[in-house]
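Undergrad: Let me give you the structure first, and then I'll get to my questions.
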Amino acid sequence: MPKLSEIHKELQFYTRYFSENKLYQSSKWTGELLLGLTQEEDLQSSQFAMQFIQNNTDYQYQFLREFVPENNDIICVARNLFDLREFKKCASLLQGLIHKNESAMFLYYYSQYMYGELRKEEEMFENENSKTATNPELKLLDRELSKLYEQKQLSQLNLYLYGLILKDTLRLREAREVFIQVLNQLPCFWSAWLELCRLLTEEDSISELPNHWMKFFWISNFNLEKFKNSNCVESFQLLLYYFRNSNFIINQIANAYYNNQEFELSLEWFERLLSIDPYRYENLDTYSNILYIKENQGELANLALQSFTNNKYVPETCCVVGNYYSLMNEHAKAINYFQRALKLDKDCLAAWTLMGHEYLEMKNVASAIQSYRNAVEIDPKDFRAWYGLGQTYALQGMNQYALYYFSRAVISRPKDARMWNAMAECYDKMDKKNESMKCYERANSCKDKEGIAIHQLAKLYDAVGKEDKAQQAFEESLKRKDEEQTVDKEVSEALLYLARVFLKKGDRERAMQMAKRLYDFNGPERDEANKIMSILNK
């Protein structure tokens, strides 16, 4: 990493540069990172952080570019027209400058692209069932920019726009190559990094990417996208030494813990995030999911009120309020808010999935299936929608269909024990014990936090006559329950099995220990305990 002063200069340059060229999301990202940069006075309070930065600083790195504002009158007026969403007028005004000024050329083509996106949104709004609407300006822009690309006359920003067009026309390999070219010229262009993240797979080589400090951010974000949550947390926590108050890094760490089902840690990071950025709305739907899971009604009510007051016309706020009503068992109101989210953003994945859950609660199976299918169409790699579809069919007793959808969820999340448990349960219902055992074993190896797999494995081992494995699994299940201080049916099943096994093996002391614990239960368990104790007394 460079010196903090060099990072500051670079981020300051790119924040102004992207803002001037109307790339507001990238400008916002670099600007927030700039504000989150660790200050020299912050290091005085942490000797370890100071030592870490000193040991990992590249003192040879220098950022030499200076920001020079554009002073052309026509371009200044065109930028105002762009901000007013008068895209066609903006392009018309710049037509005479496109071969004289790089900024004018980019704004000319970018305004046409944005006009096409506006037309596409209008068409989709007017025809609600239309899923095939496209940007009508793509063909013209593709023809002109591809010609300039072959002649190597495209600036770095125009290269980015050309990459977007290649992606929209599904020429993904070419798009990937173009985005890499962009990043080698503009390494702090976060929008280009994100586009590349969607186009690369884990098998692809990243040697062509620029050897720049921004690469650490991209690798960390890529790990999060691919659900390598531990790697993501580790790398982002190292970056946190340099960007102590970066809301982006804190948000990513919170999401990684959420994906890893470490909800307490995720809550801590989300609370820290809101203390730094109390008016944010991005990713608050994820925060509300945790509060929903924890059944923290008071905090969820506060979050819903705060989000609604800050900005009620964003999909994230609608999802937060929907989660609140769902927790209150007002499912019709929850669905209403998820539908509002979809009116604001028809591709809101969280809204489709959460709405599917609500329909399932209301026993509206057809609508639940349709909601989950819409989510899957938006993102075929989203495991939540596949899992929801599997649950829906499993509740209908259609285990073969459920198994298919759970297997798709497993492909997306191969290290998630919940997916393997669901598959195992389907196989068990279909009386395929060997397949069920394999799935439960896989779930157990994936650190099944709910402890479902180990107990079900014990019962399956018992059913197929694997006594030693069954004993080991029941002992592990019982140990887990004791640590959690939980007393339920699974505890009585484990105690009864172990008492019988120890009795059979002549281990009187342990058999008596298990039998005595069975007296804590009413019903047949106590009767069985009496039988075992009478045998032991004889």
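Yeah, the Cβs are placed from backbone N, Cα and C, and that goes for glycine too.
Keep in mind that this is a model prediction, so the values were computed, not measured.
Pulled these features from TrEMBL for this protein:
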DOMAIN    6-254  domain 'Cdc23'
REPEAT    247-280  repeat 'TPR'
REPEAT    315-348  repeat 'TPR'
REPEAT    349-382  repeat 'TPR'
REPEAT    383-416  repeat 'TPR'
Undergrad: Other than its close neighbours in sequence, what residues sit by the repeat 'TPR' (383-416), given a CB gap under 8 Å and a spacing of at least six beyond its ends?
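TA: Tertiary neighbours of the repeat 'TPR' (383-416) are 227, 349, 352-353, 356-357, 360, 365, 368-369, 372-373, 375-376, 422-423, 425-427, 429-430, 446.
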Undergrad: Please indicate, using numbers and ranges, the residues of the same chain that are 6 or more beyond the repeat 'TPR' (349-382) and have a C-beta under 8 Å from a C-beta there.
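TA: Apart from its flanks, the repeat 'TPR' (349-382) reaches 131, 285-286, 315, 318-319, 322-323, 326, 331-332, 334-335, 338-339, 341-342, 388-389, 391-392, 395-396, 412.
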Undergrad: For the repeat 'TPR' (315-348), could you work out the same-chain residues 6 or more beyond its ends whose Cβ comes under 8 Å from its Cβ atoms?
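TA: Distal contacts: 124, 281-285, 287-289, 291-292, 295, 297, 300-301, 303-304, 307-308, 354-355, 357-359, 361-362, 378.
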Undergrad: When DSSP states are grouped into helix, strand and coil, how many residues of the repeat 'TPR' (383-416) land in each?
TA: 27 helix, 0 strand, 7 coil
Undergrad: Mind tallying the repeat 'TPR' (349-382) by DSSP state, helix then strand then coil?
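TA: The repeat 'TPR' (349-382) comes out at 27 helix, 0 strand, 7 coil.
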Undergrad: Tell me, what is the mean pLDDT of the domain 'Cdc23' (6-254)?
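TA: Averaging the confidence scores along the domain 'Cdc23' (6-254) gives 87.
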Undergrad: Reported in the order helix, strand, coil, what are the DSSP residue counts of the repeat 'TPR' (247-280)?
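TA: Per DSSP, the residues of the repeat 'TPR' (247-280) fall into 27 helix, 0 strand, 7 coil.
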